[in-house]
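Undergrad: My questions will all concern the structure given below.
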């Protein structure tokens, strides 16, 4: 246990980087993914193609490949970000493909008749989105989005393979210096477990809340 | 799919709407072309479009190098699949077992291994466990963690499949006097496995993605071979773009195959769906990371 208490600051710093990557990646993915979902359902064909190609490419590319391509490949074409920025961009870009499909799946579950009814009642586009389409769509989106969040938490560990000094990376560094290897891995594993479980619990609460709205 | 979602959000456009759509289509095409041109220009400006920088990959030596990587990827993925599929069934049965202890242990295992990063586990096998005398060959340092993590995911898939089998099937088996184990083995499981086959194919995509972590343990799969290649050639962006394209194409084919299977197997059980029982899950969801 000494190795953990002695290096608590170092490990917590790593946790902070992991959390930063997770939050930036997830929020970025929510924004980009929603835009892509709008692209994919828009009546404008080129936008639909862009959305479809983006989703198919990013969803089928391993995250590590994307990270390595961005971190080691892009400098070759004169595009250089800091290591952390590159990792955060990769997380967001990767998860956005999954967010897009979750959002699109949610919108697809809304019966066409409801949207048509809203429009014939004179709702504007934003009004029908806000009051008719999004509430039920959001209910079906919560669970996939929670899974994506946990995927981002776990995926952020891959940033350590390209040298970002986050939790997994620092665990591995400390492990090389100390003899109590197993304790380190247990502690880090427990931290990830807690983050994932908290994320899952928050998602569950959110889901109960949004579906509770329907019951009332 | 796309058409349906479009109809949710937009009405059939009138003449003015159609004109507007045409204008935006042209603008959209121009924007896409502009972005592609900008990317190509960026490559050109940094001298990455030179013929020699791409034609290098037509050389047999380079191709053989990458082919070796693909072989490593296939070996790692196949081993992981062969080991984790049966273990996943076992764990799913454990989670559905009548024995409370077995059920609890299985549930804990699933929760635990779905919540810790694969890479952390790989580092443990790579760096920590050898000190305690557990020093696996390199291939297994990659495959064992992949199996440990994926068994948890697969168990949930199989469990969903088992639960989706019509209740009447187990009731009929019981009425025929089959014991519970026999009923599970010869009545429920065969149907459950058929139900989840498309999802299993999608899970192959996940396994294939996981195998890229061979890069970390220095097992010569595609990602590691690509890195080894760049050490000699310094063709970083080209090599990684080609490798990324290989992964995308292979995974895309697997995903398409899963959808095709889904449709094919779905039609076979469509008579049951028509009676309003056990609605088939729509599409094949792909899990992240």
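Glycine too: its Cβ is placed from the backbone N, Cα and C atoms.
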Undergrad: Looking at the candidate ranges B:74-96, B:166-188, report the one that TrEMBL labels transmembrane segment.
TA: B:74-96
Undergrad: Checking feature assignment: transmembrane segment per TrEMBL, candidates B:229-254, B:255-280. Which range matches?
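TA: The listed stretch tagged transmembrane segment in TrEMBL is B:229-254.
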Undergrad: Have a look at B:51-69, B:108-126 and point to the one annotated transmembrane segment in TrEMBL.
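TA: It is B:108-126 that TrEMBL annotates as transmembrane segment.
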Undergrad: Quick test of your reading of TrEMBL: among B:192-209, B:210-227, where does it put transmembrane segment?
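TA: Residues B:192-209 are the ones TrEMBL records as transmembrane segment.
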Undergrad: Would the transmembrane segment (B:138-158) count as touching the transmembrane segment (B:74-96), if touching means at least three Cβ pairs under 8 Å and pairs must be 6 or more apart in sequence?
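TA: Yes, since the transmembrane segment (B:138-158) and the transmembrane segment (B:74-96) share at least 3 Cβ pairs closer than 8 Å, they count as touching.
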